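**Q** This is the structure, below, for whatever I ask next.
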Amino acid sequence: MKLNKKIGLIIIDGLGIGKEDNTNAVHLANPPTLNYLINNFPTLQISAAQQNIGLLENQAGNSEIGHLTIGAGRIILNDNANINNYMKSVDYESAVLSNIKNEIVHIVGMYSNGLVHSNYEHIHWIIKQIIKNNNQVVLHLISDGRDDYPYGFAQFIEQINALKKQYNIIVKSLSGRYFAMDRDQRWERTQKAFNAMFVKQDKICEKTFLEVAQSIANSYKSDEFVQPVVFNDDEKYNLKPHQKVILANYRSDRMRQLAHLLKPNKKFHYNNPFLVQDVNLITLVPFPDVDAIALFEKQNLNNTLGDVFNKHQIKEARIAETEKYAHISFFFDGGVNKYYSTKTQYLIPSQKVATYDLCPQMSAHLITKTIIDHYFDHDVFIVNYANPDMVGHSGNMQQTIEAILSVDHEIRKLYDFFEKNNGVLMITGDHGNAEMMLDDQKQVITSHSVNDVWFIITDNKVILNSTQKFSLANIAPTILEYLNIAQPIQMTATSMIKKICE
């Protein structure tokens, strides 16, 4: 199918709409290109959080559910909510867990209230299932500090100690997510976390779990950066062949490297020097390219935007840097890896820096160059610029401003190029972050927000419906109406277009 215009769906990660004050890096950046587009083209403020995209009340959006919702064109029950429904069912009992008897079972999970990658209540549920059959639980904790408050882990100390006593749990290790949940193949980080969890150490931490947890605020930039520590060096609690490891995070992108160190797969080429043979891996939901038994099924999403493009032989390009590559591929396609002859995916390597506030421009210029270089090869471009989110997570206001201005500069180049070459940009965010860097007490916020995001279309022939509240779910139907393509019945959201003038 030949399109009259090329479309660029530009997702600016972590760019929300906030108060116009000094807590808002977007306001302080005063990005000239975005300001120009907002003031001169059809624009709406749309929801990227809470019930409007299938989350809980007051729950912030995130990149996974954001891209999932944009690609699906409908409100989706996310993994957290889906798992909760199973766990709350009186009749539900996991056949997998109930068959584990008289064993040592390792549980790895991020103990957080952020609900982006994990839910600490899921760890509780797994423990309760496991201890029914005379099993010994060895717990490997991951601290957050990124999707939760920077030092939010301290609030869980009493709760974790109560769990230890009630169920005779061994808390063997603690690692910040910076190490345990890397997703950019910085294997030295993942290996360090793995070693603390599963490998015999020459030296263990001289402090107790309680002492370490209480001292994080004085020792680290945030919970995210806690160095992997070992609290128990008893040989019998090191990982052995044929033992079971349960990964209690439901989101796969930041667990796949650790999973690879436990059970190697063809996706990665890194070799674990301390590989334990024949480990039995269990996950909450299926992880792509991971050899594991899943406790719960994921929803099967058909007729996503990518499916529709493929059906109509529309050539699309998916472009993002490493940090967000899974979002414009796996998540955008409904939480599965789909391969179409009509789709080309371009992976732009992320900069190799410790944290992105050290390089706020990231690889944005290479993303833009890739779009322009391949403009005439494709009909539609699905693009993610990661800067406001990845730098916003650092809590560094000035560098987040730089990140926003870097993306704004790239948007200017894209707008000029698309305008000259019969193209239209549709610009949005997947969730808020950079617009809310400080709370009312001027304390740093590193997590996402519940704020709305922009939807901009650079075509003044389009009149958007300003009388209705829309969300990320309405973007796919809007694209299809703009292209005059019938919307599949599975896309239950509606288009935001009121009228297209001749």
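Positions of Cβ are set from backbone N, Cα and C atoms, glycine also.
The shown structure was predicted, so the numbers you read here are calculated from the model rather than taken from an experiment.
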**Q** Given that Swiss-Prot assigns His117, Arg146, Asp147, Arg177, Arg183, Arg251, Ser252, Asp253, Arg254 to the substrate site, pick the one from Lys88, Lys311, Lys315, Lys324 that the record assigns to that site as well.
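**A** Candidate in the recorded substrate site: Lys324.
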**Q** Out of Ser63, Ser394, Ser471, Ser495, which does Swiss-Prot tie to the same Mn(2+) 2 site as Asp13, Asp430, His431?
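**A** For the Mn(2+) 2 site that includes Asp13, Asp430, His431, Swiss-Prot also lists Ser63.
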**Q** May I ask you to find which of His269, His312, His365, His448 Swiss-Prot records for the Mn(2+) 1 site already listed with Asp389, His393?
**A** His448
**Q** Including all protein chains shown, what's the count of other C-beta atoms within 10 A of the C-beta of Ser252 (substrate binding site)?
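**A** I get 26 for this one.
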**Q** Once near-sequence residues are set aside, which residues in the chain of Arg254 (substrate binding site), 6 or more away, have Cβ atoms under 8 Å from its Cβ?
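**A** Sequence-distant Cβ neighbours: His117, Arg177, Met181, Asp182, Arg183.
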**Q** What subset of the binding-site residues Asp147, Ser252, Asp389, His393 lies within 10 angstroms of Ser63 (Mn(2+) 2 binding site), using C-alpha positions?
**A** Asp389
**Q** Taking the Cα atoms as reference points, how far is Asp389 (Mn(2+) 1 binding site) from His431 (Mn(2+) 2 binding site) in Å?
**A** 9
**Q** Starting from the Cβ centroid of Asp389, His393, His448, which together make up the recorded Mn(2+) 1 site, report each further residue of the same chain whose Cβ lies within 8 Å of that point, ordered by sequence.
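**A** Near the Mn(2+) 1 site, beyond Asp389, His393, His448, sit Asp13, Gly14, Ser63, Arg146, Asp147, Pro388, Met390, Gly392, His431, Asn433, Ala434, Thr446, Ser447.
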**Q** Within 10 Å of the Cβ of Asp430 (Mn(2+) 2 binding site), how many other Cβ atoms are there?
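**A** Neighbour count, Cβ to Cβ under the 10 Å cut-off: 31.
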